[in-house]
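Working notes, beginning with the structure itself.
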Amino acid sequence: MVDPLKIFWVLTNSTYLVTKFVRIGIADKNDSPPYFDRFLYETEIDENADLQSTVLTVNAKDHNESTNIRYQITGGNIGNAFAVQNTTGVIYVASPLDYETRPRYELRLEATRNRKNNYTTVVINVRDVNDNPPVFDRQTYRTQITEEDDRNLPKRILQVTATDGDVDRPINIVYFLTGQGIDPDNPANSKFDINRTTGDIFVLKPLDRDQPNGRPQWRFTVFAQDEGGEGLVGYADIQVNLKDINDNAPQFPQGIYFGNVTENGTAGSSVMTMSAVDYDDPNESTNAKLIYSIEKNVIEEETGAPIFEIEPETGLIKTAVCCLDRERTPDYSIQVVAMDGGGLKGTGTASIRVKDLNDMPPQFTKDEWVTEVDETNGTYIPETPILTVTVQDEDETNTFQYKVVPNSGFGADKFAMVRNGDGTGSLKIIQPLDYEDPLQSSGFRFRIQVNDKGDDGPGGSDKYHVAYSWVVVKLRDINDNVPKFDREHIEVSIYEDTKVGTILEQFKATDADQGGHSKVAYKIVRSTNRKRQFAISDRGAVSIQRPLDRETQDRHHIQILAIDDGSPARTATATLTVIVKDVNDNAPTFAQDYKPTLPENVSGKKILEVAAKDPDDRLRGNGGPFTFRLDPLASDEIKAGFKVEYDRRGDNENGVAIISSLRPFDREAQKSYAIPIEIKDNGAPAMTGTSTLTVTIGDVNDNKMQPGSKSVLVYNYQGQSQDTPIGRVYVNDPDDWDVPDKKYYWEVQEHQRFKLDTDTGILTMRAGTRRGRYQLRFKVYDREHGQEDIPANLSVTVRDITAEAVQQAGSMRLSHITDEDFVRTWNPVKNQVEPSKLERFRNKLAELLYTDRDNVDVFSVQLKEGSPYPLTDVHFAARSATQQPYFKAVRLNGVVQMHREEIEKDVGLNITMVNINECLHEGKGKCGSNSCTSKVELGKKPYTVSVNRTALVGVRLDISAQCVCRARNFTHQDHNCRTHLCYNGGRCVETRNGPKCVACPVGYNGPRCQQSTRSFRGNGWAWYPPLQLCQESHLSLEFITRVADGLILYNGPIVPPKPEETVISDFIALELEQGYPRLLIDFGSGTLELRVKTKKTLDDGVWHRLDIFWDTENVRMVVDFCRTALVSEMEDGTPPEFDDNACQARGQIPPFAESLNLNQPLQLGGLYRQHFDQTLYNWQYAFSSKGFDGCIRNVIHNSEHYDLAFPALARNSFPACPQTDEVCLKTEHTARCWEHGNCVASLVQAKCHCQPGWMGPGCNVPTIPTTFKAQSYVKFALSFEPDRFSTQLQLRFRTREQGGELFRVSDQHHREYAILELRRGHLQFRYNLNSMRNEEQLLTLTAIAVNDGQWHVIRISRYGSAALMELDGGESRRYNESFHFTGHQWLTIDKQEGVYAGGKAEYTGIKTFEVQSDFQRSCLDDIRLDGKHLPLPPAMNGTQWGQATMARNLERNCPSNRPCSNVICPDPFDCVDLWNEYECTCSEGRIMSSDTKGCVDRNECLDLPCLNGATCINLEPRLRYRCICPEGYWGENCELVQEGQRLKLSMGALGAIFVCLIIILILALIFVLYSRKRKTTKKKKRSGPEKDVRETVISYEDEGGGEDDMTAFDITPLQIPISAQGGPPDIAACKMPIIYPVMTLLPPGQELNVAYLMEERKQRIDKDNNAPPFDDLRNFTFEGSGSIAESLSSLASGTDDENQDFNYLQNWGPRFNALAAMYVHDKAKASSQLPSDGGGGSGDGPGPGASSSSPLGGGGTGGGSGIPGNVLAVVATGSGAGPGGGGGSSGLMPLPEVDKVVL
């Protein structure tokens, strides 16, 4: 039992409880004292022993063996060094021990029990340990030696001594040094050393005290370590001072010193101070005391006296003579000597420059200056100087002041002189100049003056310092006067039937310029003449051009422009007001849209009164009163059923018609009647018109209902539809207005996916209803007839329709048919059900597309609103097979157009428009002749078409015309990755400036990964989407060919027009004819032909570019940017000449059509259309149908690049340009530039065009960007001659600044320039090509900001006065252009002074400059001028094309300023470095939650990245997403498809193939004969399994079965070839050329059903004929393969299989049932899962059974069972018999169709 008090004592360390504890009990009395075994105990302990360390345990004993003995030390414990535990006798260390203080202790130890005690002696000897480090006698040792003393080395300089406090230990101290002059790694370099035992220190080398290599003092440390270098360490400092000797001569560090002295100064003038340096000790005698003297002075020629003197002590140089003359001697050089106290000398040179005083007069470099200047434009005074004058002055320091001498000549008051920073003077205009003033037209002559005193004060009056010169200013006439009309406002009144061509008025304007001889042209402002009803002649006569209509517009305000022939032209405006008077030219009509209803079964009664209206002017008697009557031509049925009575007094005496019925009507016979009513007005002559009144017969519930059934087809858009009404439950009842009399019920119970309105019978499909077929049953009650429980059945079929199907849908508009008629299946005439027009159209379309009808979806049928007669819009989609991408809309529309007549005939339709386009009919829409885009928007709710027996619930599509040019509309908000399609597998990423396509595959180099090039062979074509309608359009393309004739492009009708339809004859055709470009274009009012007779034909095997421009009136075609134009420019200000006949053609569209309306496929390279007479469309010119042979690239319409990779339909057309690719492969560097560049080739040569950021012949050298800091710039000197007509600039940049100049080129005086700059965060390019006046042109990318910190690539292309801007590929908002050749065309570039990057430096002083438009805190990279790389310091200062002659404040690379370094973002956001800016946002792959407080996974599948019908699966943020591709597609986004290219084989190749086929047939015959012989041999040998161990069936159950020799196994069956070309080696020579896959792409896809997709993929693998194993007999499982058993013989008796659980194989699906049957021990369970219709089999071997349920058919290896035990044999092809011989049939498919079996 543990005593708790003892525990407490231990825990509290309390001796009180222990000493006071008294054990109470009864015991024997013991009064004997305790005793010790010995009288003396002796032990040892180290002096460094730890406190509490046990020294010795001494135990006393008691005669009664008592343990109650207490111990204490009573003597000898000096310093309480030890203590004893009073109960145990353990002596321990209580205080630190020190051997050197007390080496021995003799303790007296007392033991006490019951007040009886005894004593003993304990002797403790303290052992010495090394606990004292050596101690030096001094802390610092100092000594002095003389520098450079090399005598008696090494020399002892002092001795150090250290002692060890451990007195009784061996004295064995070792010394060593560290510090200055000590090199432990290489002792040979040390300056000092020490004797390790004596402490003597030696100097080893002579020491130098003096600078620059010496030192006056050496300090190092000496260490002493006892125990022979193994013990403790002590240290001391050593200081060695060096005594100086005079061993250094004085010297002048700079060698040459520069000073100044003013000319004409007095003698003794201070010039400069020369200071020499002596490194000797200045405190050591006179070693460093210097005395200066002039050793070589200059002598004054006249007197022979020295010119300069020097003060010996200070070195101050003074003039010794007076009056130095700078103009005589501008500088002097003297030699000065400095000598120290020891006589050592040093020499320096003083270069003295005489500073100038203004003591010489100025002089103009010309006596007369002549210049020519434009007259000023009104009161505007230009700031630019018109003349720069220069002055010569022998003085160096001058401050020139210029001025015009007042009253010195005519014009002196109109000009002023100003001083320039470089000392020249400029003449500026200060008052308006007017050429039209006869006095001024002859020019001006006056004097100017200059003085070099800098002011007009007293110095200016000093005639000695003033010079004069004459100035002659010639004045040029400019177009500064606007034309002036004689009459600015004219008003005329005419009747609306005035004949076309009638002249209304004559305008006349004059212009004061050119002496009144300026020509004036006249023009009507188009916005005031929208319908082009008026025209104006060259002489100003305004006439009627098109008929007028007062009812449309009764007053016209026509603005007339008078335009002079100046440059730039000036205009004046006048107004013609045309008042149109009325004539009676309109027939009256109904006053309103009457819709009367007449109940059925009612006798004759009044229906309603009808009034009339007339748009003609009633005040002129051209309106009412009206008269009415029934149209005499009305049918007899109408005449018998209705009457029309005229009431003169009705409608306020205007007259009305009273309509009445004459008999009762039956609605079930006819639902409505159209009554024609003739209305006549009161005009002279009167106008008569016929209006039709539709009377609807109202329904009465007078028929009993019969059971009915109805089928409903629902298209569920992306499976996301909400609750959707799908129509009314149908019963067969002729009445159709009797819904209030009926009640509708479910027959049994309500279906969970549908909801019924019992009052209306409307059935609603609930949200989330999946695709499939639903059979629904209802009952209907009719209270009117008392009918109950009339059955009504409803079949609902739900189909999913994808976004891809809607996007790629074709469309057509049907006339005179309603949406109900299109889907109706009941024929009331034949009184029977028949296929609807929808189904017939669907079948016909499937036939035309060569696809199954199930692959055609007619998913939207809508009745167009607002039409006077029924118009129905139909949208449809189709594909070649399930899981395949949908056909493109262009293909669907084209096929329907091509077969329109056939479809109309077979289906019974009237197709009025294919590819529904609300912009197609010019002038009928809201946009008029403006830009127009037909936009299709997805409605929020489905569109339901419900008729009695059928209903279609389709996708609602709202089509509207928007008056914008789609490509140039930058205001829409839905600019994101969902609308910004990236082609060909490119990946769309969202940026702050909108979506951007990245990771484009190689060869797809368009801005959105478009394929830019396509080739044609002369007999092909390719279809693409039609050209969009824009008010101003620009179409450009490039082509290359060696064939002189061929159709390059055509967009227009592809079928002849129908006789009764409105003909839309618009088309555009571009072709080569005899090597020259020819354009035909027709807006519908006449064909315009443009031809360009180029200097050389364009079939020269070189790429050529054609640009076609058109607006509402004008068309222009430009060839190769007009680089071949003849340009003539003079320096005297003569207007330039520009002859563009060989590069440009212009024309006007015949009136009056104003827009190119197209909705047919755009065809490139040829023509695919029906042959028809082109005169059917009234075309005045015919174009060739011969195909183009060559390549076409970069087809761009209004800055949108066409993707040429996958046309909707094509023939004999291929992506890329194989003809030029062959040229690229001919040279090594062009064949290897694909990784970071593009090979650009013609048919004769190729070169590498490097991607931005790369350079070098093979585009394999990365460029290095440069950071431009504040006040930074680079000035270049070019080593090539820039083209004056063309300028190409490309560079990369990144910035966050609002402004700055990126690059500029200019002439010497910066009057002609081209500047790329940043303004308010947007790029702009401005240029001026006229050195005489400012005619600046400006291009800006206003729709996109570029100061987002991202890298951008800008490309500027200037051709003459035309310019193009392309940012990051240049599409849509990243493109702008000015494509007009007007005025000057040349830009002169100064190669040395005119090329800058980062801003232009203006020097404000000798060493100070200021950078204008400083491009700072930004980066530039890869600057190319005319395609040539310019260097960017500091990484590169020069290339073969130029040098960076000046550069300031630049930094290599483009690092960020680490904005996240001091930012802590709140969880869960991360700080993202956006380059010089940061953002706390979510990590990659995540987006901010709706409450902006957290991050959630970004669903990349919403961007529809998976193409071609692939399924998108959203993954974790790091992995983003994954696409499951349909059959035949691959790639990250399923964008690629393998398409075998057709090979053209020569006769030699065909012969080789024929020979190979013969050899193969012979070998096949030999193989057959050999096989038959071998089979016969096998049958003879097979007498039992014991005969040959190579038999595959053995009696494994026998004792020792399977233990025979198995090494004779025939290995031949195991030699399975991996390709189909197995056989003898000779066959390899007959292999066909390899057909490499071609990457192609089909249209974007949408999500698929994953389960269905996996099933389809498995079926495809089963049917793949091209993948191994191939048709042959193979051993798929052989003995011992993949098993832990060594042979099949061990399977029956072994136990290893018992430990293996293969039951999981049963869960792998039916395709793995055979594998499960092999390994699962429960054979019955496995067999029960196999198909049940497999055939049985029989064989020669003793198989375990005859029946088989294997999907492989009956027959096993040697047995009748399909799967005998654990043995498997597979027959891949043939009759289904296994190797054992048993016959069988497949449970899955007929065996002859099986290509292979996959387990």
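The backbone N, Cα and C atoms fix where each Cβ goes, glycine too.
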Candidates C1224, C1250 - disulfide partner of C1239 as recorded in Swiss-Prot: C1224
Neighbourhood of C997 (disulfide bond) by C-beta distance under 8 A, where only residues 6 or more apart in the same chain count: H980, C982, Y983, G986, R987, C988, V989, P1007, R1008, C1009
Residue among disulfide-bonded residues C1000, C1512, C1534 with Cα closest to the Cα of C1419 (disulfide bond): C1000
Cβ atoms near C988 (disulfide bond) (within 10 Å, other residues, all chains): 23
Most Cβ neighbours inside 10 Å, all chains, among the disulfide-bonded residues C1419, C1501, C1506, C1534: C1506
Overall pLDDT of the domain 'Cadherin 7' (708-812), taken as the mean: 93
Chain-internal residues near C1191 (disulfide bond), provided their CB is under 8 angstroms and they sit 6+ positions away: T1013, R1014, S1015, F1016, F1039, I1040, T1041, C1217, Q1219, T1220
Winner by Cβ contact number (other Cβ atoms within 10 Å) across the disulfide-bonded residues C982, C1224, C1259, C1512, C1523: C982
Top Cα neighbour of C1523 (disulfide bond) in the set of disulfide-bonded residues C1248, C1250, C1454: C1250
C1534 (disulfide bond) and C1239 (disulfide bond), distance between Cα atoms, whole Å: 27
Nearest of the disulfide-bonded residues (C1000, C1259, C1506, C1512, C1525) to C1454 (disulfide bond), judged by Cα-Cα distance: C1259
Disulfide-bonded residues compared (C1009, C1217, C1239, C1250, C1454) - highest count of Cβ atoms within 10 Å: C1009
Euclidean distance between Cα atoms of C977 (disulfide bond) and C1248 (disulfide bond), Å: 32
From C977, C1233, C1501, C1512, C1525: disulfide-bonded residues whose CA lies within 10 A of C1259 (disulfide bond): C1233
Euclidean distance between Cα atoms of C1501 (disulfide bond) and C977 (disulfide bond), Å: 11
Assigned element (helix, strand, coil) containing C1191 (disulfide bond), judged by DSSP: strand
Cα-Cα distance linking C1250 (disulfide bond) and C1233 (disulfide bond), given in Å to the nearest integer: 8
